[in-house]
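First comes the structure, then the notes that go with it.
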4 protein chains.
Amino acid sequence: MSFQNPVFIPGPTNMPEAVRQACYMPTIDHRSPTFGKILHPCLDGVRQVLKSKDAKIFIFPSTGTGGWETALSNTLNKGDKVLAARNGMFSHRWIDMCQRHGLDVHIVETPWGEGVPAGKYEEILKADKNHEIKVVLATHNETATGVKSDIAAVRKALDAAGHPAMLFVDGVSSIASMDFRFDEWGVDIAITGSQKGFMLPAGLAIIGFSSKAIAASANATLPRTFFDIKDMQKGYDANAFPYTPPVGLMNGLKLSLDMLLDEGLENVFARHHRIAEGVRKAVSAWGLELCAASPDLYSDTVSAIRTPEGFNATDIVTHAADKYDVAFGVGLGEVAGKVFRIGHLGSLTDVMTLSGLATAEMCMVDLGLDVKLGSGVAAAQEYYRTNPAAGK
Amino acid sequence: MSFQNPVFIPGPTNMPEAVRQACYMPTIDHRSPTFGKILHPCLDGVRQVLKSKDAKIFIFPSTGTGGWETALSNTLNKGDKVLAARNGMFSHRWIDMCQRHGLDVHIVETPWGEGVPAGKYEEILKADKNHEIKVVLATHNETATGVKSDIAAVRKALDAAGHPAMLFVDGVSSIASMDFRFDEWGVDIAITGSQKGFMLPAGLAIIGFSSKAIAASANATLPRTFFDIKDMQKGYDANAFPYTPPVGLMNGLKLSLDMLLDEGLENVFARHHRIAEGVRKAVSAWGLELCAASPDLYSDTVSAIRTPEGFNATDIVTHAADKYDVAFGVGLGEVAGKVFRIGHLGSLTDVMTLSGLATAEMCMVDLGLDVKLGSGVAAAQEYYRTNPAAGK
Amino acid sequence: MSFQNPVFIPGPTNMPEAVRQACYMPTIDHRSPTFGKILHPCLDGVRQVLKSKDAKIFIFPSTGTGGWETALSNTLNKGDKVLAARNGMFSHRWIDMCQRHGLDVHIVETPWGEGVPAGKYEEILKADKNHEIKVVLATHNETATGVKSDIAAVRKALDAAGHPAMLFVDGVSSIASMDFRFDEWGVDIAITGSQKGFMLPAGLAIIGFSSKAIAASANATLPRTFFDIKDMQKGYDANAFPYTPPVGLMNGLKLSLDMLLDEGLENVFARHHRIAEGVRKAVSAWGLELCAASPDLYSDTVSAIRTPEGFNATDIVTHAADKYDVAFGVGLGEVAGKVFRIGHLGSLTDVMTLSGLATAEMCMVDLGLDVKLGSGVAAAQEYYRTNPAAGK
Amino acid sequence: MSFQNPVFIPGPTNMPEAVRQACYMPTIDHRSPTFGKILHPCLDGVRQVLKSKDAKIFIFPSTGTGGWETALSNTLNKGDKVLAARNGMFSHRWIDMCQRHGLDVHIVETPWGEGVPAGKYEEILKADKNHEIKVVLATHNETATGVKSDIAAVRKALDAAGHPAMLFVDGVSSIASMDFRFDEWGVDIAITGSQKGFMLPAGLAIIGFSSKAIAASANATLPRTFFDIKDMQKGYDANAFPYTPPVGLMNGLKLSLDMLLDEGLENVFARHHRIAEGVRKAVSAWGLELCAASPDLYSDTVSAIRTPEGFNATDIVTHAADKYDVAFGVGLGEVAGKVFRIGHLGSLTDVMTLSGLATAEMCMVDLGLDVKLGSGVAAAQEYYRTNPAAGK
């Protein structure tokens with residue numbers, strides 16, 4: 001295994017040295033007060049990153065998928081109605097999970113490359129006179145298509161319909177990288193993981209619950225133990241977990257939160273936007289298009305790039321790994337073979353990004369695409385040098 | 001946080017430097033063939049540690065508790081009957097999980113300090129003419145009481161009754177430290193975690209399924225997604241997970257397995273027995289008794305030590321942490337305040353163990369117990385020096 | 001290589017996790033201002049540890065031996081007279097270095113186990129009417145014998161004789177562990193290394209020069225380049241070294257200094273004294289004696305323990321390494337075979353120390369010495385528990 | 001400190017993760033046989049890298065400068081004649097060291113950008129009928145100018161003159177990156193450091209002595225102790241150093257040697273050549289020239305790039321550090337302000353190199369140079385993609 005080149009997958013991201021070192025701590029007693037000094041700053045810091053005053057934060061030794069399951073199983077009952085849009089691989093998987101847990105999902109099929117259709121949601125919610133829909137799902141950032149959805153608009157749809165359904169948002173690839181407003185958007189459950197904006201290894205599901213969501217948990221009968229938030233809360237109240245916590249990862253999260261909050265959330269978001277914008281300049285210079293249908297949908301954490309008809313976009317990813325030891329993301333599901341993805345989140349600089357763009361160019365030329373070497377790099381360079389990083 | 005002294009909790013254990021370093025790897029693409037080179041050796045190695053020829057191994061980013069849930073939710077249906085003994089905190093929690101998932105548990109209440117009552121099991125199984133009991137649970141090593149149960153005897157009970165129930169064994173604090181025979185004992189599901197005998201941080205649920213358990217999963221309707229073994233197996237077949245895997249932890253597991261198998265499993269078990277025996281000599285020299293009711297029940301990974309009537313055993317643990325920066329385990333549940341626990345598993349030497357024993361002595365004297373300084377240490381020293389470690 | 005047990009050699013010491021991590025930093029440009037932010041805090045911090053207001057501090061990528069050579073070659077000329085006592089291996093080696101560099105050493109042969117004979121020094125200095133002696137050498141802590149000398153007394157001898165000779169002090173195994181007063185004792189050059197009280201790997205010679213010593217360097221003609229303090233000072237003035245600096249080690253030193261100064265020097269010294277005192281209680285309980293001739297000479301960083309006539313003390317060291325994977329120090333030079341040494345400096349706790357004492361006991365009993373298992377441990381336990389660490 | 005971007009200084013280089021981890025080992029007893037298992041493979045491996053059968057290898061806790069001093073002080077006497085060319089900062093410094101140690105240096109002033117003038121050397125050696133010249137110095141790779149000299153030609157000059165002088169070669173920035181033939185070229189002393197081709201932190205002087213050089217040490221009277229090879233050899237014979245060795249760094253060297261020898265020296269050299277060639281393509285595309293006067297002099301480890309008249313090349317280095325957090329090397333001595341340097345040795349890939357070239361382009365454009373963004377990158381990309389790395 002060579003670890004020399006940065007990775008350009010949309011998570012896990014490159015990790016800051018200090019964060020890796022924080023994760024790599026020796027064993028401590030996880031039932032001692034020492035653990036509380038790691039746990040509580042994590043809970044507080046995540047709450048700040050979510051821009052929430054009093055969301056209850058839960059951290060499970062799991063992944064974003066476990067976060068989805070935590071959300072559903074703690075708040076719903078078999079047969080409950082859920083409204084969801086399918087516009088990418090990750091929204092698709094969450095819907096699939098709902099169905100496996102016996103929920104009745106009203107699926108709004110949405111073209112891959114478009115965002116959550118707030119207008120359609122509003123219609124459906126208005127039509128649901130009996131308020132049978134218990135939860136509305138929204139994927140803030142579809143990692144598969146590089147599409148950012150407008151969660152504020154979804155909230156407006158709920159409000160316009162005067163509908164009491166809860167709003168659950170998958171922020172796995174947005175939270176801690178792109179603006180997320182738990183309180184302002186009236187989010188009831190937000191879900192993320194450790195391996196994206198928090199720049200940690202995978203292994204933590206990180207979840208925020210509104211008081212409404214907490215209240216719903218009192219009557220929820222879907223079976224759960226590992227993901228039970230009541231057990232977890234009882235644990236936290238005693239500086240503990242209901243089982244052995246992933247102490248090192250949480251120690252890393254504590255540091256990552258310190259770093260993000262010291263930098264300032266708006267600066268973190270601006271940093272991601274700047275890096276992303278350079279990538280988009282390159283894509284444009286290559287004469288290619290993003291999967292995301294319009295600029296307002298462009299994600300600042302991942303770009304899914306459409307390749308010409310008849311070309312297998314996955315070849316770029318395989319070739320980059322084989323010949324250059326560089327990792328990009330393949331297209332998934334409906335866009336498999338049609339797009340390749342450049343992840344540009346977490347611990348990444350303009351300079352590192354340029355090496356990813358240069359590699360993509362070499363791959364495309366190697367594979368016969370009509371792209372000029374240096375062209376995308378030059379476009380990104382021009383953007384980066386004239387829009388320097390904060391403080392530079 | 002001082003990391004100078006070893007920990008003496010029954011997991012997470014002290015970690016070998018090399019294993020920690022292996023966990024601490026930079027980010028790789030978890031969808032690349034590189035990950036397969038970590039994944040498959042882990043699955044193969046765990047199978048060997050279980051002494052199984054063809055158990056299907058599953059590793060989830062979770063903990064032993066998640067392993068329990070994996071076992072139940074992949075094989076059972078609501079209302080299914082389960083036979084279980086409650087003889088400590090961990091068997092208690094597994095039973096509680098069964099009940100929360102709507103299973104009907106026949107509980108055999110068993111004194112804390114005794115093992116799984118194979119005789120009682122046999123009676124009950126014989127009486128279950130219609131074979132309504134689908135699963136028999138057994139906790140191989142009760143971490144709360146330091147009691148090792150006889151799993152071969154449980155198998156014999158099933159066989160004597162001619163009962164087709166599956167046998168699920170919690171081996172969280174035994175597997176990779178004490179002898180475990182998946183095939184010979186006819187185990188259907190075995191569950192462990194990363195943070196005990198594997199000497200890793202917490203974060204992995206490690207589970208083996210027999211073909212019978214796999215077959216049962218076809219008809220199991222308890223809801224599950226995160227812990228679904230079919231999704232997981234499909235992932236493995238493509239060198240992947242159904243979600244982001246905990247790459248670094250698995251890289252550590254790969255090394256840990258290499259180390260254990262290179263040492264030889266019987267040597268690993270002998271090493272644990274030797275360390276444990278020294279601890280027991282010390283306990284005896286202190287004039288104290290183990291919670292475990294008889295020598296055949298003594299665990300080689302953790303000793304729960306009864307303190308005199310009227311003394312709060314938890315004070316020893318608090319005092320050791322406060323005054324000496326040493327971590328022991330408290331008593332849990334029914335034995336809270338009655339025992340304190342010394343964990344002696346994983347990466348531990350005789351020399352390290354002596355420092356734990358010396359600390360326990362200082363604490364007991366500080367707290368007014370009638371124990372002679374150096375007495376337990378001397379007993380353990382005599383045992384260790386006359387029974388040297390393998391190759392010494 | 002097993003790294004499980006602590007080491008009990010008189011340096012390199014056990015290292016704090018955080019210090020090791022600080023050393024283990026990625027490459028930076030050592031000609032950038034970033035390096036200055038490591039360098040200058042190191043120089044300032046060392047000066048504080050020396051208890052000096054304005055000593056010039058020099059750090060070379062070398063060891064204490066290089067520090068000795070820095071002292072001599074930057075201040076002296078061929079044929080210059082030097083006064084030195086030989087009372088152990090390290091004073092012997094420094095004398096040997098003087099001779100190799102063409103200096104004329106007046107050697108005061110002193111029994112190994114005694115300290116620098118300040119009275120003899122005074123006589124000799126008084127007799128040196130022409131002030132031909134340019135430098136007086138003193139080894140503050142003889143690592144070979146565990147003897148601490150009285151440097152204040154040496155200063156008094158110089159003053160009583162009204163002699164202008166410079167005072168060079170080897171503080172390799174005392175500085176940062178035992179009280180050292182550069183200004184108050186009128187030290188002209190103090191020498192130490194990274195691998196003792198600073199708890200770092202070997203690799204740094206750390207040296208303080210008084211203004212008198214700096215002045216002497218103007219006329220010193222002994223050849224030197226690597227160890228030239230003028231080149232080094234010129235480098236420092238530009239945030240650099242005259243050659244590539246050991247950046248990681250210095251980053252570790254910066255953290256180590258922060259830790260020592262945050263703890264408070266007097267607390268650091270008290271901590272070392274406490275640990276040492278426990279070791280001495282154990283030695284006494286074993287019925288053995290220290291090499292150091294009297295209590296005022298006892299070193300708080302290393303104890304050299306005499307074994308009975310006819311017994312080869314080195315066997316203890318070999319046996320401990322072979323059978324128990326524990327490192328003690330052998331006797332050197334005149335006391336080879338007569339003593340074994342327990343290092344008790346740097347990152348060490350009472351609990352760790354007890355494991356060293358327990359190991360020494362097992363070795364002595366294994367090798368037939370008349371020592372009772374647990375006896376020394378009990379004596380140290382009693383001392384440690386009744387004299388708790390600061391804040392405990 | 002951000003460690004995200006690679007460094008492009010001509011050493012210390014970027015470090016492989018595994019090598020850093022090897023350096024970062026806990027304390028062991030450096031007087032134990034364990035240390036011998038690190039030491040001897042280091043000595044053997046260095047000998048192989050030097051392409052020598054029986055050179056005596058010495059490793060000091062020091063730097064290349066200490067290596068120079070080791071060479072001189074162990075083999076020469078005050079007043080001895082030395083022949084040397086001054087063609088860059090590092091040859092200049094070695095000459096300066098000779099003079100400080102009282103040697104009589106015949107300096108051949110050579111334009112910076114040219115190599116060691118073997119023809120001139122031959123003339124001078126022929127003229128030295130009495131063989132007063134004891135040593136001929138040659139800098140294999142002038143790090144300041146990016147000039148590789150022809151050491152075989154220097155050997156031929158000595159042979160053609162029938163001159164018995166010893167040949168000392170500074171291979172600090174060539175050895176382990178570029179072909180070096182100790183035996184074939186009749187080198188008597190070769191000097192390097194840990195922080196270049198060996199990809200380690202600074203802190204080791206690594207030196208090879210021929211039997212002739214060893215013989216010379218018997219009569220050499222320049223004072224030395226720290227750098228004395230006799231003491232060092234005596235130490236090695238007992239698996240030790242004459243003082244505390246830098247154990248971790250040597251453990252890293254052991255791994256680095258394994259990696260280099262496993263890869264194969266010719267492959268290592270080819271790898272460096274390929275990376276360097278891409279850099280040179282970029283320089284050419286920028287319309288700039290190297291400091292090295294002709295292609296046969298081009299160094300495969302560092303390129304010194306001349307900037308246009310009137311432009312301060314150092315600004316590029318400062319600007320890159322300030323705005324992009326990327327480290328290049330400044331011009332030194334005679335070429336200060338006239339060149340900037342890109343180091344391309346050690347742990348580096350084509351992809352990483354492209355990010356350095358992209359950064360240099362942005363800096364040059366930012367600072368007003370007439371360079372086209374992407375131009376150098378494109379030239380290097382074309383070279384790298386059509387000349388793939390070995391096995392790709």
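All residue numbers here begin at 1 and follow the chain in the order shown.
Including glycine, each Cβ sits where the backbone N, Cα and C put it.
The substrate binding site annotation in TrEMBL covers A:Arg341. Annotated domain 'Aminotransferase class V' per TrEMBL: A:30-318, in sequence order. The N6-(pyridoxal phosphate)lysine feature in TrEMBL is assigned to A:Lys196.
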In this predicted model, what is the average pLDDT of the domain 'Aminotransferase class V' (A:30-318)?
-> 98
Going by DSSP, is A:Lys196 (N6-(pyridoxal phosphate)lysine) part of a helix, a strand, or coil?
-> coil
Express the distance between the Cα positions of the residue listed as 'substrate binding site' and A:Lys196 (N6-(pyridoxal phosphate)lysine) as a whole number of Å.
-> 15
Which of A:Lys196, A:Arg341 (the recorded positions) has the most other Cβ atoms within 10 Å?
-> A:Lys196
Look up the residue listed as 'substrate binding site' in the DSSP assignment and reduce it to helix, strand or coil.
-> strand
